[in-house]
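As written in TrEMBL, here are the features:
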- 1-48: region 'Disordered' (REGION)
- 11-39: compositional bias 'Acidic residues' (COMPBIAS)
- 287-322: repeat 'WD' (REPEAT)
- 337-371: repeat 'WD' (REPEAT)
């Protein structure tokens, strides 16, 4: 298991219970000297080298923070959970020398034959773009914000979508444009886009009541389809459906497609969840299941997921639904997952029928077990939870960033991950791929433009992918088979992170111009915690 980039600070470490966020190199500012004319720091050669690394994206100085007492207990209990038993054998320490690890693994394979699955995973990790081996290539840059992306099932194509009037498909062999797919009736942006399971179409949503599907070979066949979520033949018997049919305008924030490609579920700005039949293009059920926008939705009943899904809302709750008993007249979920103290921004399934993760505006990612939740009736008996802060994540900083984390009294999550920033937009999170990492990592975008990778069992931050110019990384995706991470951002850049060998490092270093070495005191203060 790789070394952690974040320190956990206990009360006895600091002596100050109210100081939760501490600079990693606290105390260095006393030794700094400043020029008299403009207050710019006079840096030593070592300090200049450190700054170069930071602004080149090689390292990033994170800040230490204190966990809540509940989160410390989560860390103690998680090694006894099912997910920890599944990953046992994959988490042995391999950080001293990745080259030595690869050499030993290959020698072992020559002596005893085929390697075990755990050994194969370890071998593949030697090629991961982690620590000093990571290198970023900007393969494309557009003038529009990129809101979402995604690989197809084989990893041969990657899509990006956002405020641009088209969905761009890339060939991942050389990252050239493979196709430009049209998008219709876009209100502000494409909010979500996904390949269908057969990789022949792309389903996308925007801030209106129609979800659309376009063929990946649109230039040849010209096929596109419309799924009107607001249309319902049963609207006369349901007041909430009557309201939706009459106005006919609501935004769709998120979609997920079942494994067979016959149905999808969508979360809307009307606090509702919609189940759509993709073959008849008629909504099967339209349920008002939350008290605020539904920002996240995902099937969670395994790789052949068709029935069970969860939805996350700005009301801070995650709810479990079974399409087989979904009812418009009695919209009662099969389970409720309290724990987040602010709105949910994204949900992603581990596709094992047990675990999923969620991102939230409370600046955390949480791991959940679908077996550990309140029933709808039991949750209704609990005291109502009042949110600790009133703020707008779109343009304000999180009010609780410098205070002790607020605990939810009924938290049902099994692990909590902290370090990234969830502001400005609906930041997304995922499990790392099964094929190359055994899903032992959790990774997320961040409003500071970086990509954060956590160890799913320890909760430690094991890697940060940072570029010199920071946008907002709303979405990020790990190649299903190769050691490649792709992050589209709000600056319109499509960034591909891959492993870089020593010779490639020297070539790139020789070709890069020397950085301008005078930084304002503001930048210096941000890096050194002054």
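The backbone N, Cα and C atoms fix where each Cβ goes, and this holds for glycine too.
Proximity of distant same-chain residues to the repeat 'WD' (287-322), defined by a Cβ-Cβ separation under 8 Å and at least 6 residues beyond the stretch ends, is recorded for 240, 253-256, 258-260, 263, 265-274, 328, 331, 333-349, 351-353, 356, 358-360, 362, 368, 370, 373, 385, 387, 426. For the repeat 'WD' (287-322), the DSSP counts in helix, strand and coil order read 0 helix, 19 strand, 17 coil. Averaged across the repeat 'WD' (337-371), pLDDT for the predicted model comes to 98.
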